[in-house]
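TrEMBL annotations:
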type	residues	note
DOMAIN	522-645	domain 'STAS'
REGION	1-30	region 'Disordered'
TRANSMEM	93-111	transmembrane segment
TRANSMEM	131-152	transmembrane segment
TRANSMEM	172-192	transmembrane segment
TRANSMEM	198-217	transmembrane segment
TRANSMEM	252-274	transmembrane segment
TRANSMEM	280-301	transmembrane segment
TRANSMEM	409-430	transmembrane segment
TRANSMEM	436-459	transmembrane segment
TRANSMEM	466-494	transmembrane segment
Amino acid sequence: MGSNRVEDEGSIGSAVSSRRHADNEPYKVGVPPKQNLFKEFKFTFKETFFHDDPLRPFKDQSKSKKLLLGIEALFPIVDWGRRYKLSMFKGDLIAGLTIASLCIPQDIGYAKLANLDPNFGLYSSFVPPLIYAFMGSSRDIAIGPVAVVSLLLGSMLQKEIDPKHKVEYQRLAFTATFFAGLTQFALGFFRLGFLIDFLSHAAIVGFMAGAAITISLQQLKGLLGIKTKAFTKKTDIVSVMRSVWTTVHHGWNWQTIAIGVSFLAFILFTKYLAKRNKKLFWMPALAPLISVIISTFCVYITRADKQGVQIVNHIRRGINPPSLDEIHFTGSYLATGFRIGIVAGMVALTEAVAIGRTFATMKDYQIDGNKEMIALGTMNVVGSMTSCYVATGSFSRSAVNYMAGCNTAVSNIVMSLIVLLTLEVITPLFKYTPNAILASIIISAVVGLFDYDAMILIWKIDKFDFVACMGAFFGVVFVSVEIGLLIAVSISFAKILLQVTRPRTAVLGKIPRTSVYRNIQQYPEAAKVPGVLIVRVDSAIYFSNSNYIRERILRLLADEEEQLKANSQQRIQFLIVEMSPVTDIDTSGIHALEDLYKSLLKRDIKFVIANPGQVVIDKLHASDFANTLGEDKIFLSVGDAIMTLAPKLEP
């Protein structure tokens, strides 16, 4: 699409050129004035790190106004809080209560997924949402633990410390959370948010789908009532299924299966109803809490825990205890926590920013990615000091928050206060909650992560993207979450490298009854100009692809000459390289053009350049290649070049 747009611009330039010059003299390619090095560096630096011009609101403002704007930039709540109306609170209150009813049972389950006690999941839905409400710029995102990050953190932590050693395991979890927050904060503060864009959408879809399968398989332990000791600590599908089938005769508990499967069916049925009728969005939001209440009551009155039904048991009562002194700032676990924190922080950040952008687009407002990173980083750093593990934006809760009619981040504050009430008063009531219910809630929550529609679309659009998607998916399912993530990142980088090192080129022909030149593969009716080969390069020319481009053009020339010779047609006398898509060129690119020029001289073929951009023509003149080639061989458009060269063609 981009190349077509460039072609259109080239044809417009050709039309303008012909209108301006009644005498058919070609319009000379403009040579830009010499750029100031400092100004050029300043422009490049600004476009790289400050493309959104964050300091624009501060221009021509008084000191007091600048101070207020600075506070608003750091704490957006100061800005929207002044415009907050009581009428908006109704929507925020309903949304906050709704997502609280969803997050409480989920948090207990997600904490188990991270091999932590249930109270740590609740802690992570109390402090982080409060911090985010003051610093975040999204109105709809709901903050708390999420399944994928919990699984990733748990699988990486248990490789270092056995979860049975609770104190040391928790200390490493807090350390990883601290460095996850520090990573997120640093990316936002130094405006390096573009780094998360290197993980392609296709890779994320595959990674999330693989994580959904892995998380669901992990929940078979609770759903079937298998004892923890008999179940593997590995996350790959082969190890998990081996553990499941080897315990089929002596490890499964039929009461647990009945509870888990029946309530899983109930939760999934409410999701189905809500999908059919958007007004019933509250049903899947309340279903997990209703399931917990009913199942807990049933287990309590029947004492099913005496018959092998595993229950949550004790959940520590009270608010988050401080944990600053438990973070490893020295010692052997410092580097381990740093490594795990970076990985968990990047995954959490990718998920949160994607969710924030999705809902911002739906409500037609803007979020600042770098501010989001600072907010997420701050809440995780503070969270690590208050017994929380990595929190981020939850898609399921954010969707419910959106559907419930939230207006601002006050819904997060309401949710946080409900969690506080739960920690102070209600936690003892969860003692008889069966683990099977938590497994059902987690499975129902991660079902939506398997986006098969997106996979089908990826297959239709880009097969290489589909390879990246499947690579990440199978890496997570058959090896581990970390390997799946590594594959996702590796394939994303491989795609970038492939596109940079192997750019597309096209042979152009003239569309009948027009002066427009197009790719002959896209337009088979386009006619080649006798004696002229027109090649378009669809990329900047850098050291990484310059040799390939030179060799590719010579290969196209050789193929064309071979075909002409076989048909006894006029030989190629001019090679025109259409350079409108070439946005930049470096020293290696200039050398490649010089080598191409020399190769063509030996074959008695004239080298012509059409429509070079400002940066390219500037560098061609700076290197003196423009003089070597000749000003009469550089044209504004392919049409101008053909018009000028046609009389010079030998019969």
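Backbone N, Cα and C define each Cβ position, glycine as well.
Where the annotation comes from TrEMBL, it is an automatic prediction and has not been curated.
Across 93-111, 131-152, 172-192, 436-459, stretch 436-459 shows the highest tally of CB pairs under 8 A with the transmembrane segment (252-274). With pairs at least 6 apart in sequence, the transmembrane segment (172-192) and the transmembrane segment (466-494) have fewer than 3 Cβ pairs within the 8 Å limit; the two do not touch. Tertiary neighbourhood of the transmembrane segment (436-459): same-chain residues 105-106, 108-110, 112-113, 147-148, 202, 205-206, 208-209, 211-213, 215-216, 219-223, 225, 256-257, 259-261, 263-264, 267-268, 271, 284, 288, 291-292, 295-296, 309-310, 312, 395-396, 465-466, 469, selected by CB-CB distance under 8 Å and a gap of 6+ residues from either end. Annotation: stretch 409-430 has the most Cβ pairs under 8 Å to the transmembrane segment (280-301), among 131-152, 172-192, 198-217, 409-430.
Residues 117-122, 124-125, 142, 144-147, 150, 282, 285-286, 288-289, 291-292, 312, 315, 389, 394, 396-397, 400-401, 404-406, 410-415, 417-419, 422, 430, 433, 437-439, 441-442, 445 of the same chain lie 6+ residues outside the transmembrane segment (93-111) yet bring a C-beta within less than 8 angstroms of a C-beta in it. With DSSP classes pooled into helix, strand and coil, the tally for the domain 'STAS' (522-645) is 62 helix, 21 strand, 41 coil.
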